[in-house]
Amino acid sequence: MTENPAHTSLWPAPHASDAVDATVHVPGSKSVTNRALVLASLAAEPGWLRRPLRSRDTLLMAEALRTLGVGIEEGVGPDGTGEAWRVIPAGLAGPATVDVGNAGTVMRFLPPVATLADGPVRFDGDPRSYERPLHGVIDALRALGARIDDDGRGALPMTVHGGGALDGGRVDIDASSSSQFVSALLLSGPRFNQGVEVRHTGSHLPSMAHIRMTVDMLRAVGAQVDEPETGGEPDVWRVAPGALLGRDLVIEPDLSNAQPFLAAALVTGGRVVIPDWPARTTQPGDALRELFTEMGGSCELTEQGLEFTGSGTIHGIDADLSEVGELAPGIAAVAALADSPSTLSGVAHLRLHETDRLAALTKEINELGGDVTETADGLHIRPRRLHGGVFHTYDDHRMATAGAIIGLAVEGVQIENVATTAKTLPDFPDLWTSMLGGPRT
Ligand SMILES: O=C(O)C1=C[C@@H](OP(=O)(O)O)[C@@H](O)[C@H](O)C1
Ligand SMILES: C=C(OP(=O)(O)O)C(=O)O
């Protein structure tokens, strides 16, 4: 096998000799963009997405929906400002092939959409996508009336034989390995003949923030949703059948991708402003205001955006990150530079993300001289003096940004395959060097 040159390329992570002082415009949210694309494609009328994220995960989502017949055109938003996608729903049809890459949102949100297509829709993706859990979606769709051919493992690759409609109704699933199983069924639920009632039967449910985002965005396009947090039964979500509105939606900046920049303020004792930080949001990244304050910074939401200031001291943290697991790699990186130990818990499911994130963080931080151990559901991080070396990323964007955070404080860190940040933040190396006042690469 020829070696992928991207995997051998090493990016010298910039070391910060001074406190950062920068304003960083963070591109749109992956999770909001991909939900908005699905909902706009299932709507009864055209809609707009303004300032959508253009990254590998969202371009794969847009391409897949186009393959199924949806019109997604480049344009300028209705008010004449900002880049936008105009989404024109159409009858969905196969035969089609969807490349999910390694995007959890594409591999989980689109099979329910494919049941509504007329004809077979084949799903395939990166080798890692074959290992990521999908059984919750496959089993649920079968129970709701879909025909799906897989190789019996409940994973990719597979073919959904769309029949043009799905009965829908009540289904039990165990979503303890990914909240995206629940989000996937709810997002297409309004288009199922009987809507959908999803009952989570597992012992715990990760990433509740992302389920709230699904419910919020469904309601914003006119869907009727009953859910546990507004008086519904625990672990039960109901979506009524009905037509969805086409909306003009401005996509919020990706607050999880704001994390490395906020971390830079914390690590260097500097100041970073993130414009357009929403005053109210369901994004898990909003929890960084509290988490990074506990770790030694302070923040203020001003007219300019979120202004985050580091104090020059970083404290360890004991945090249950189950609701916001996406933030764990960045928190682990900061914790490795703190003045006291940290315990991160509630994130066993990170072993099934882009890579086994608990193993990868442990190995890579320890190879720089750190002292990290895995627990059943997280990490113990005891800060030690770190040294330079190669930080491997395992095709995981959040490993690359975690390594860059460490590189700010530790000279000689080289990130292998920084290009993997293209999954959700293709501009990362440029944004990072600009933040530090250096030339764009
Ligand atoms: O629905 C979403 O947009 C996401 C849900 C979470 O998935 P898991 O529940 O599988 O962790 C999160 O980690 C992922 O990055 C995005
Ligand atoms: C887990 C993540 O992605 P995915 O949507 O592929 O699950 C992530 O972005 O941290």
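Just so you know, the numbers here start at 1 and follow the chain as drawn.
Backbone N, Cα and C atoms are what each Cβ position is placed from, and that goes for glycine too.
Among Glu229, Glu233, Glu326, the residue that TrEMBL places alongside Lys30, Ser31, Arg35, Ser178, Ser179, Gln180, Ser207, His353 at the 3-phosphoshikimate binding site is Glu326. In this structure the C-alpha atoms belonging to Lys423 (phosphoenolpyruvate binding site) and His353 (3-phosphoshikimate binding site) are separated by 13 Å. Taking a Cβ distance under 6 Å to any atom of ligand 2 as the criterion, the binding-site residues Arg35, Arg132, Lys423 reduce to none. Looking at Lys30, Arg132, Arg357, Arg398, the binding-site residues in this record, the fewest other C-beta atoms within 10 angstroms of the C-beta turn up around Arg132. Taken residue by residue with DSSP, His353 (3-phosphoshikimate binding site) is part of neither helix nor strand, so it is coil.
Nearest to Ser179 (3-phosphoshikimate binding site) in space, judged by Cα atoms and limited to the binding-site residues Lys30, Gly104, Arg132, Arg357, is Gly104. Packing around Glu326 (active site, proton acceptor) is summarised by its Cβ count: 28 other Cβ atoms lie within 10 angstroms of its Cβ, all protein chains included.
Cα of Glu326 (active site, proton acceptor) to Cα of Gln180 (phosphoenolpyruvate binding site): a span of 13 Å.
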